[in-house]
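Asks: Got a structure for you, written out below as structure tokens; questions coming shortly.
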Amino acid sequence: KEFIVEKARAACTCSPQSLSTALRRLFPVLDWLPRYNLRAQLLGDIISGLLVGIVAIPQSISYSLLANQDPIYGIYTNFFCNIIYAAMATSRHACVGSFGVLCLMVGQSVTRHLQLAGYGDSSAALGGNSSSPRNGTEACDRSCYAITVALSLSFLVGLYQILLGVLQLGFVAVYLSEPLLGGFVTGSSLTIITSQMKYLLGLKIPRHEGVGSFILTWVDLFRYIHNTNICDLLTSLVALAIIVPVKELNERYKERMKAPFPIELLVVIVATLISHYFDFEQRYKAAVCGDIPTGFRKPTVPDISLFPSLAMDALPIAVIGFAMTVSLAEIFGKKHGYAVSANQEMIAIGMCNLIPSFFYCFASSAALTKTLLKESTGSQTQVSGLVTSLVLLLVLLWISPLFYSLQTSILGVVTIVNLRGGLRKFRDTPRMWQLSKLDTVVWWTTMLCSTLVTTEIGLLVGVCFALLCIIFRTQRPRATLLGKVSNREIYEDQGTYKQLSSIANVKIFRFESSLYYANKDYFKAVLYQKTRVNPVLLRAQAHTDTGSSKGFWGTGFGCLKQAGRRAEQPPADSCPPSTDMHTLILDCGAMQFIDTVGLSVLKETHHDYKQ
């Protein structure tokens, strides 16, 4: 009682020191900013922030298309979340913003709710070309309703992530293994590429959702391929032919280059100028971004009436978002030698989703490509994130209207090119198969389900299958007989090491897993197999035998000292079947726990061998 009262008093006491500690824990910027070294760190942060901002401009616009939103909302998302993450994150190198997989999941949820609300099917709400609602609601057009769904979803995602962080549930991320996340990202990348193909071809086909959307989309692509817009197709091919080789050269010579060449931004600028001066929209009916407004909109509040239908959609987005953020933060924290708090990272990314939801933003997380770029170009602290936000602020205030004539096919190319990392995972599967066959099966299972079924179901199947693999490994673990290393008190596996000596008539059996209800039968079976003695069978044979020595010798067991002369056979119990051991030692050092069923098996084993 005294201990509990003392701890409660310490937790509830509010002093200037405890308040300062709590604020520094919640806002790590208060801890590192006063110690910021202008001379040593500022130049690297500025250069890194500028380069990431330049890359973020085309990605913000293209990922808005993926999330089924107007381009301006992607720029809003990247602007606000970088400022909040800089103040609340413990990672110095992670870069947050729109992430392809999350944008795909947001877009799927938005499309489903648009259909439920009765809005006409459209590939994207670009340039104000929004269809009127068919349910009689005139207050909000399609574009307005799409961002309302997205910001309400972002609010729930942030709320989930903050709750996980406050409840100290950061350890949940460990259940999303690297093969599982790799398979999920690759499967989502294939789905994203499929969804962007209609922009590359200039086709107007419906956006399919739910089970089988991947196959249905490809069926529609081939069905309407005769309607391909030649202008969009040629533009896409030229852009791919330029961007892909330059990005490959950037990666190959990244050690020699101080900064990668911003080929995406250059292609976007040139393509916009060509489209504008040759009037692709009117002459060739090419799809363009349209009007992108400047400045900021008045803050809004999420639509509470949408929460019940968005609650389940927000859960996998929250899990994937914090898993990517925490994993990237820990990777670069370990590389540069500083500590990262998983729970604080969850609170930080939760705030990056919750607060911007009031400013027309959709869900975000740490992004791999921008994080790699940020770290490789000399970033020292999250000041580089503030510089990135300044670059996006210039776009928001003055530059965004200039992208009116930018073709959506170029945005599709930018999105697809940035998914090369996920597709390269296919090349790693042979090596993964050599290292761990079960991990490879987890990767393929998650990838195929995420692609052919849905991303949410793919994630769920991947988690369940990975846990089943763990159960399978503990259900049929490694079991060995041990031998002694000569002249040493060390015992190792006789099947692995040579020249081990066995103790006469003594068997040492090691079971390399916990003993519980799922592997109790396997424990007994492998024990009988390794020791070559099944005590239950031997006792049954001894009791059922009629007494002839042929019965004993025919089974390989019997009295070792059989009289050559004819004599009366003693009872079975007085001449038990002989074995090559008189003592069995169970090495339980690898057992982390034994449940009640496992304890019963040990008792049965002891009783049977004793008999």
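Counting begins at 1 with the first residue displayed.
Cβ atoms here come from the backbone N, Cα and C positions, even for glycine.
From TrEMBL, for reference:
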DOMAIN    496-611  domain 'STAS'
TRANSMEM  42-63  transmembrane segment
TRANSMEM  83-106  transmembrane segment
TRANSMEM  144-163  transmembrane segment
TRANSMEM  169-193  transmembrane segment
TRANSMEM  261-278  transmembrane segment
TRANSMEM  314-333  transmembrane segment
TRANSMEM  345-368  transmembrane segment
TRANSMEM  443-472  transmembrane segment
Asks: In the same chain, who gets a Cβ under 8 Å from the transmembrane segment (169-193) while lying at least 6 residues past its ends?
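Replies: For the transmembrane segment (169-193), the list is 66, 100-101, 104-105, 213-214, 319-320, 322-324, 326-327, 341-343, 345-346, 415-416, 419, 422-423, 425-426, 428, 432, 436, 439-440, 442-451, 455, 458-459, 462-463, 466-467.
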Asks: Using a cut-off of under 8 Å between C-beta atoms, tell me which stretch among 42-63, 144-163, 261-278, 345-368 contacts the transmembrane segment (314-333) the most.
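Replies: Stretch with the highest Cβ contact count: 345-368.
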Asks: Out of 83-106, 144-163, 261-278, 345-368, what stretch is closest in contact terms to the transmembrane segment (443-472), meaning most Cβ pairs under 8 angstroms?
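Replies: The stretch with the most close Cβ contacts to the transmembrane segment (443-472) is 83-106.
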Asks: At a threshold of under 8 Å on Cβ distances, which of 42-63, 83-106, 261-278, 345-368 pairs most often with the transmembrane segment (144-163)?
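Replies: The stretch I would name here is 345-368.
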Asks: Compare 42-63, 83-106, 261-278 by their Cβ pairs under 8 Å to the transmembrane segment (345-368) and return the stretch that comes out on top.
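Replies: Between the candidates 42-63, 83-106, 261-278, the best contact partner of the transmembrane segment (345-368) is 83-106.
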Asks: Would you mind listing the long-range same-chain contacts of the transmembrane segment (42-63), meaning Cβ under 8 Å and 6+ residues beyond its ends?
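Replies: Same-chain contacts beyond the flanks: 36, 71, 74-75, 77-78, 95, 97-100, 103, 259-260, 262, 264-265, 268, 289, 369-370, 373-374, 377-381, 383-392, 395, 403, 406, 411-412, 414-415, 418.
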